[in-house]
């Protein structure tokens, strides 16, 4: 009996990691757990991609018979991402954290000694106030075009105004429903990441654009932003739209929805808005995240420095 148990134990030890664990099933269980914990759909999608990519890498490894070999395979994977895929340091950090969390959830102890590398804290880019105005004014809304053309132009101008004046994420923008908006109070209820709702504001000009857009809509839908066929817009569509208007406005910088969001935060900070108020408007759970987004731009830094008159 003892010999049989020893033989069974030795047989299990000779099995590789992928034979001992059903990875596809573990991945599915992990994603269900993330959904139960109210992780956002985008976060779950990212985690799924990271874990599945690592699993596919492991399938080509043939020496996963103990923790040391599994650890070595993980390090080879990180090396592969850096050398061959040329990914950023921040992505390496994310991969390390996600894979470690997945292994911990699955009861696999191979990566306990792995430490996530430090993230880089590069300053996010932003547009200045004149560039934002040029971008929005690149959308020419005229009454001499077709009904569909006027609808599209009015919609596009409203999208640019909302992204900047409210600091929305593009995923939040395309998910907006008409009943989320209170034009009289100039507020929007955002269904944020992880089911964390928040209220954001918009200005008088954006309200006027909103009311004009609602009059010009040619399809009925609970969603605010629609294409010409009446379907909700996708994040990719909005990204390409902004890129086209930036080119038309002659802006040489890269312009994305996220850069408009950062410009919103940066300009509020420059105008004296308290950073905790900005944190609330952006929907950040940690103040440190807001501090990275709202790093003082170089021109403001120069102005403060010059006013100091050190010599």
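From the backbone N, Cα and C atoms, a Cβ is placed for every residue, glycine too.
Quantities reported herein were computed from a predicted structural model and do not represent experimental measurements.
According to Swiss-Prot:
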| type | residues | note |
| --- | --- | --- |
| ACT_SITE | 169 | active site |
| ACT_SITE | 193 | active site |
| ACT_SITE | 258 | active site |
| ACT_SITE | 261 | active site |
| ACT_SITE | 284 | active site |
| ACT_SITE | 293 | active site, O-(3'-phospho-DNA)-tyrosine intermediate |
| DOMAIN | 21-107 | domain 'Core-binding (CB)' |
| DOMAIN | 122-306 | domain 'Tyr recombinase' |
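All features noted in Swiss-Prot, drawn onto the structure.
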residue : record      : DSSP (3 states)
169     : active site : coil
258     : active site : helix
284     : active site : coil
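Geometry remark: residue 169 (active site) versus residue 261 (active site), CA distance 7 Å. Neighbours of residue 258 (active site), defined as other CB atoms within 10 A of its CB across all chains, total 15. The domain 'Tyr recombinase' (122-306) scores a mean pLDDT of 88 in the predicted structure.
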